[in-house]
Every structure is written in C-alpha cells, then in structure tokens.
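Taken verbatim from TrEMBL:
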type     : residues  : note
TRANSMEM : A:20-44   : transmembrane segment
TRANSMEM : A:56-77   : transmembrane segment
TRANSMEM : A:83-109  : transmembrane segment
TRANSMEM : A:121-139 : transmembrane segment
TRANSMEM : A:145-163 : transmembrane segment
TRANSMEM : A:175-207 : transmembrane segment
TRANSMEM : A:286-310 : transmembrane segment
TRANSMEM : A:322-346 : transmembrane segment
TRANSMEM : A:352-370 : transmembrane segment
Amino acid sequence: MSYLESNLKTVPTGLRKVLYLNYPLIFLLTAVSCAGFLMLYSVAGGDMTTWAEPQMKRFAIGMLAMLVVGFTPIWFWRNTAGVAYFIALLLLVAVDLFGAIGMGAQRWLEVGPVRIQPSELMKIALVMLLAAYYDWLPVEKVSRPLWVLIPVVLILLPTFLVLEQPDLGTAVMLVLGGGFVMFAAGVSLWYFGTVIALVVALVFGVLESRGTNWQLLHDYQFKRIDTFLDPTEDPLGAGYNITQAQIALGSGGWAGRGFMQGTQSRLNFLPEKHTDFIFTTLAEEFGFVGAFGLLMLYAAIIGFSIYAALINKDRFSSLLTLGVAGTFFFFFAINMAMVMGLMPVVGVPLPLVSYGGTQMMILLSAFGLVQSANVHRPR
Amino acid sequence: MKKTEKNVRASRSSITRRGLMLGVAQAGIIGVLAMRMRKMQLEQADDYRLLAEGNSVKIRLIPPARGLIYDRNGVLLAGNEQNYRVTITREDAGDVDAVLADLRRLLPVSDDAAADVMTEIRRQPPHAPVTVADRLSWEEFSRVAVNAPALPGVSPEVGLSRNYPHGTDFAHVLGYVGPVSDYDLSQIENPDPLLRIPKFQIGKTGVEAKMEEVLRGRSGQRRVEVNSAGREMRELGRKEGEPGVNLQLTLDTRLQNFAHERLKGESAAAVVMDVTNGDILAITSVPSFDPNLFVRGISSTDYRSLMEDDHRPLADKSVQGLYPPGSTYKIVTALAALEAGVIGPEDTVRCPGYIEVGGRRFHCWKHSGHGRVNVIQSLEQSCDVFYYEVAQKVGIDKISAMAKRMGVGVRHDLPMSAVAEGVAPTKAWKQERYGKDWRIGDTINSSIGQGYVLASPLQLAVMVSRLASGKAVKPRLIRSMDGVEVPVPEPEPLGLEEAWLDHVRKGMIAVVNGAHGTAGKAKIVLSEWKMAGKTGTSQVRNISAAERARGVISNNQLPWNRRDHALFVCFAPADNPKYAVSLIVEHGSGGSTTAAPIARDILLFALNDGLPPLEAYPSSQRKAVQSRFDALDLVDPDTVGTGAKSRA
C-alpha cells in the first residue's frame, strides 16, 4: 500500500482536475513553443508553410495529448510504465531491422503516413519505468548492488540499440536521463563517482582506439571530436558547421540584428538551421537578450518542475517529474552547449523550438505526465 | 500502515535532498551557458560580426563598356553589340542533363557543343553560370525566355560583345579582342582585377591591344550579399564604373575599303598617308580575315585554313612585313649623294649596262645601258649603274643615316601590332649582326634597295611623305579620344636643302610623266592631280652568273613565290603634295606593271574622296578602268553597322 493509495480520497476527480493543472508550466511551454514558431518562420525566409505551420499543428496536437495524459490518473501511468518501455524497446529493434535511412542513420519508422522516432519515445518510457521501479523498490534496498544493476541494464539495453542506428545524441540522453532518475531516487553517490571515473577512463580508451582494428567509434564520430577540439582546423569541411554557428551566435551582439535580418541564416551559411542549429538563428536575430531570455524560460520550466516534484509526497510522481525535467534539461543544455562550442556536436535538438514532430509530441506528452502527477497529488 | 508512513518519510527526505542537489547542479550548468552567451555575444560580438560580414558580403566588379572606335568621318569601326545568350547554373538546375535535353529541343545545340557545356559545368563551381548558346537571334532568345519557368537553372541573358561591322577591311589595323588568357595575365604586372573575370575580353592585337588601357575603361563595383554557395542574394550598393574612351582614328572607311577591294586576289599591302600631318588614311594588308571570327572563338578548321594560306592572311604586311625596297630606295641614295656633294644636280654618270668592282660584275636592269644620265634621268629610267657609282663615293653609313632621316630603318610609333624596325644597314650593323666586314659589293646592292636593306610599306609611305612635304612628318592613327583632338605636333623640318628635295621630286614626276619614265602608263592626266612616283622591283632570289648566261628566266615562267616583289611609291598633286601612297604586291613581278596602276587608283580615290573620275586617266585606258571599277564590290559605310546587315 503506497502513500498514494492510502490518500486517494484527497485526489481531485472529474472536472475539478482542471483547477489543479500546473498552469505556470503550460504558460512557459507555450511561450517557448511560440519562440520556436517565430524562428521557424524566420529561417524559412518569412514563410509560414515550410516549417512554422506544421510545427503549430503538432503543438496543438501535443497540447491536447498533454491534457489527455494529464487527466489520466497517475497510477495508470505507473502501472503501464513497463508496457511503455517494452513497446519502445520493440520499436527500437524494428528500426534497427527495417527503419528508413535518414541523414545517414536509421532513426525513423514509417507507419502509414506517420513517421515516428522510437528513440524519442524511449527517452520518456525509460524515465517512467525507472520511476516506477524505485517507487516499488523499498528505499533501504536502493543502493544494494543487485538492485542497482537492474536499472543499469534497463538503461543500457536501449542505449546500445540507439548506438546501433547510430545516434550518439540520443544514447547520451538516455544514459544521462536514466542516471538522473537513479540519482534522484537516492542511489549511493559512490556508484556515481565510480561511473564517472570509469567514463573518464573509457574516453581515454576510445581516443586511444582510433585507427586500430578495435576502434570503438565511427570515423565521423571521431571527426566530430576533432572539430570540437579545434573547429578552425577545417573551417570549410567538418568544422564548417560549428564555425558558422559560432559566427552567427556571436554576431548577434546585445540586441541582435533584428527579426528576419540574420545574414548567416538568411544566406544559408548555417547548417541544419531549422533543426539542431536553430538556436544560432535566434541568437543572431535577437542577440543576447533573446538567447538569455529563452534560457531563462527553460530554467523556469525546470524550476517549476522541481518545485512540483518536491511538494509531491508520492514517490513515483516525484521521480517521474524530476526525470522528465532532467531529460528536458539535458535537451536544451546539450543543444546550447553544442552550438556554443562547449561540447562536441552530438545531434540533440533544441526542445520545443527545433523543427521535429516526434520530439514536440513526446515532450508535450511527457509534460502531460508531470501534469498528471500534479493533478493527482494527494492534498 | 506504520511501515508505509516510515517509508514515505525516508523517501521524501531522500528525494528532497537529491532533488535540491540536482536543482543546484542544473542551475550551475545554466549559469555556465549564460556566461558563455555573455562572452560570445557581448565581449566578442565585434569580432564575430566582422567574420559574418566577410562571410556574406562580397565585392563584385561591373565590367565597363569598352570604348568604341570610329573612322575619321565618324563611321563605327568597332562597336559593342548586344549579345543574347543562354546560360545554365548547376545549383539551380538540379538534373542538368534533363534540363539541357529540354533546352536543346528549343535551340539548335550540336552534340559536340552540348558535350563541351557538360564538361564546363562539371569544371565550374555549382553557382557559376555556364554559357550554353551564344549570339542567338531574337526569336531563339525569346523562345527560351518564354519557356524559362519550365527550365530550372536556365537563364536568358543579354551582354555586350565586340563587333566589327567592316569585318576584313580593318582586321589588321584594329586587331580583335578575346578572352584573357593565363599568358596575358602573366605578362601584366599588377593586373586590373577586371581581367580575372572569367571570359573578360581584352584587345589581343592591333589598336585593340595597343590602346587596351584606354579602351577598357574602369570597372564599377557592386557590394552583394552572397550565400554559402557564393550565389548572389541581393545587391547592397553599387558604384558605376567608367566606360572606355571612344577613339577616332585617322582612317577613312571608304578609302580603306577601296584599297582593300582593289588589292583583292593579291598578297599585298598599301598605306595612304596625308603628307602634311602624317594622318594614315588607309593601311591595308590583303588577304585579310574576319576579326569577328576570333571574338566569337574561331573554329579549328577556319583557323587552319588561315594558317595554311600561302598568302598569309594573318600577317600584317603593312607594318610588320619587311621587303627589300628595290629601286624605291634610290630616293634615299640620291638624297644622300646630293647632300654629300658627290654629285651635282646636273652631273652625269655613264651607264654601260654594268660596272665591275673587285672582279665582280654588277648589272643594270637594262643590259644595253642608259648612256649618260643625271639624277633626274637616273630616277626616271631607274638606272642602277648611276647609283652603284655614286653610292661608292657617298659611303654606306651616310646612305643609312639618310634612310633613317627619311623614316626607313626606324620603328614608327603607331598603335599597331609588331611594327617592324626594318634595316638601313651600316658597316657596324653588319659587323654586329653577322660578325663580318662590310664589302663594297654590299654598298652597291644597298644603293638600289637590295642586299641587307629591308623596309615596310609604312616606312616607304613615311619616306615619300617626308620627301613630298620636306618635313619630318610622323605617321599617326589616333585622331581624337572621347571627342578631344589629339594635337598634331608641327613637324620638324627635315634639314635637307629644298633644291635637292625638289630635284628628287622632279625625278619622280619624270618617272610617271617623262618620255622614258618607268611608270609612264600609270600617268594621271588631270594637271591639278599630277602624280610623282617611283617604281621598285625587288628580287627574292639571287640570279647566278650561269643563269644570267642562259638568259634570265622571265617572271611569269617562275612559280608564284619566286617572282619578284612589285613596289610603287607615289604622291600627288606633284606641285602641292597632299597624299602619299606606298604599295607592295608580293611576287607581283614588276613595280611598273603591277603596282603602279593600283597605287594610282588608290591615290586618285583619296584625292577625289570617292571613285576616281575617268578624266584622270589617259583616254586609251578609260574603258579598262571603268570595267575594273565595275567589278569592285565596294561597301557604302552609311549602310554598314545598322543592324540588319551586320547581323547577316
């Protein structure tokens, strides 16, 4: 009998649930998405139909999905977490077997007219399952080796499947997202210290493996590491993306060049300007004010989510909310760090702003889970 | 129930602790991101903005319109024609093969040309337009323009290209333009960036090449924003250039055309000069070529046929061709002898038909000899022995000095290609050139314009002009630039005594008008246009003693390229000289028979400023002259260059 079950009487029911939605989060998510529409309109050269309009439709559907998920009782999600994880895992295997080829990697699965990216689904399903796992696991067992091994396997299984595609960005996201929930659940700090030490050792091993017959990464991945370390070395080749992105970003200055005035993006100097590098256009056209403003919107989303997690006495709800917030955080932090040259380019989109259907739907649905946790909080 | 309570409390405190830790860590990372933004966008903004400018703003040059070239009467000789062409850009075309195939349904493009276009497209960057078809008719051009929406990457364009409406008539003097080659660039120190524009055309030969700097003009500049592929997105600013300077030449289109037509069929050159100021009214070399072929890119078959023609159409015989001047050089020898005082105006020399010097016999052209002749008679009858004798007394160095004063053996400053210096030999020259001592026989040969002496038709024209005017006139070709007259410097006096000049002129008058004159048949009977002239026949082979013993073979029995050159120099009116003409017909056999009648027609055309009147000719020749003129295919400059005809 968990805390939630014993306090079911205090959980709002029926239409009263509307009153208990987390409205600040809805407002913030909408604001970030609107910034996205604006930028998609701009990078299309002042055209709605290319990217902005489809993105708006997905936002509308995503918001609807968020409300549906939010009104669904949180225990339903807890009970189906395993099923969600299993389905996502099957889809990942399916992608590896017969996924469409896109951008040199198998990431999409086409089901009729719908094109889905199971790796996006997995990011949330993993967080759900781990939250449910730690909700079920007695607190005193959390740091016992066997009980630590199980979530590690649950994380690594999809991670390897994603690496097969290959999609380094999602693999990193899965590990970080999963680790985030484990950390939040109170797994001993020693484990994390050990893993960090091992990762450092592994990085050296990977770099050393280059050029040998047991090479651990693809050449293009090594190339990305090279260009991260010195983008100027090959400014028109592999370092082109990052050099041009930084030029765009830096030239924005304090207030930017003005809406639709960014020369870098307007003139196609920017790569993937509507997806992974859209932040550079925003930074170029709206300057530090715009870029910092967006960062603060993201920070507020994280802040409200953590607050919601901490006031919720249900363990699953808390962990789920923290996990979703963590995943969301890694999305934008990695994307921004990447385009600002703080880390290698790994192909992570800017959440809710970059053009991409699955990403938008999944993220909004994930915040549906946060809403559900908020709505069905025993009071 | 109790256990649950306890569990919940443990979980709550753990989550709160860990949640706060995560929150702090996240806030820290967000802080790092914010710091990075601040550094890039506020501290280094100027650096990045500079980089962005360089990225996207490029300076593009606007090619100026090339200066036009007119004749002395304002007839256009070299113009810029609107050139309708069609280009294709790989970046925009997508499937280039398919687009090209569609385009070929609208335009006649040969398989070879299409293959060339494909090679060029693959060679050029994707944004660079490649010309598919050039010089289209308006119909073809509009057919492409109408269908342009269905042909991605294809763009119908209008450009300027050089056009020479008079074609062959001015090919050698004007030259032609062509695309800048790597060789051209290597020849120029600090080349104008304009020259690096692909296919930019510059003067390759003739006036076009020599006056290149003036004709080209100054390029304008456009500041354009380009995309990452280098393609122009929009224009930010524009500074217009300056078009090239328009040149007006001293040439007369109708006279040039007449001279050209009159010489047709021969391998010849003619120069017409105004003796008062040195204006060159006509300078022609035949056969010629169509310079427009070179502008458009000459086909290899056309080029080969020009190269293989034994009449050498590509060579400019008027300034570049050097010939032994033959008897026309006697003007120089006579002046040198008179000035040196080795012979007086009335002194005579006996001509027995030959002289013997150092055991060698030098023949006069008239083997029976001329008897006693003075200067005037020696010119009239072109007696060789007279010159053999006086030259030995004058010495070669004084003859050479006189030649240079008269404009032979010096390079004249004309804006034409490969203007030759010629040779007026001296003892030192031979020593330097061949490392051999000067022999007396060399002087004898030189005295009648044979041996080492070489002159161009231009130099002979200058020689006659100086004799006729008594002044050191210099040839000139540029009359005005952009409407501003090029001043004619007052010609310096020759420094020769008028009496001697007059003596030689009298001799030349006798050549045409005297009882024994060698060019008596080429007389002008209108007294106000009385002509003075000098024939010349220069050998292109040595006649050996054995051959002479057998009897010299007459010219018309020899193959064409071993026959003598025929020369004639003349001026008129004899008592108040206005124009001088020098003319050479390669392997034309005889100066009096071949060269003199043509030179007379050209001189009369210049004097009459139109077809010569029949009254100028002796009545017995008028019928023949009339039929000769009727056979000419003359062009009226008023109808040239007015669209329809030039395009045909």
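Start at 1 and count along the chain as shown; that gives each residue its number.
Using N, Cα and C of the backbone, Cβ positions are placed for all residues, glycine too.
What you are looking at is a predicted structure, and each value in this text was computed from that prediction instead of being measured.
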Which residues of the same chain, at least 6 past either end of the transmembrane segment (A:145-163), have a Cβ under 8 Å from a Cβ in it?
85, 88-89, 92-93, 96, 119, 122, 126, 129-130, 133-134, 137, 170-171, 174-175, 178-179, 181-182, 187, 191
Intrachain neighbours beyond the transmembrane segment (A:20-44), with Cβ under 8 angstroms and 6 or more residues off its ends
12, 50-52, 55-56, 59, 63, 66-67, 70, 259-260, 262, 265, 273-274, 278, 281-282, 285, 294, 297-298, 300-301, 304-305, 308, 350-355, 360, 364, 367, 370-371, 374-375, 377
Let me spell it out: take the transmembrane segment (A:175-207), skip the flanking residues so only those 6+ beyond its ends count, and list any with a Cβ under 8 Å from a Cβ in it.
123, 126-127, 130-131, 134, 139, 142-143, 148, 151, 154-155, 159, 216-217, 225, 318-319, 322-323, 326-327, 330
For the transmembrane segment (A:56-77), give me same-chain residues lying six or more residues beyond its boundaries with a C-beta closer than 8 angstroms to one of its C-beta atoms, as numbers and ranges.
4-5, 11, 17, 21, 26, 29-30, 33, 37, 128, 314, 316-317, 320, 357, 360-361, 363-365, 367-376
Are there residues at least six beyond either end of the transmembrane segment (A:121-139) with Cβ under 8 Å to its Cβ atoms? List them, or say none.
2, 77-79, 81-82, 84-85, 87-89, 91-92, 147, 150-151, 154-155, 158, 162, 170, 173-174, 177-178, 181-182, 185-186, 314-316, 319-320, 323-324, 326-327, 358, 362, 365-366, 369
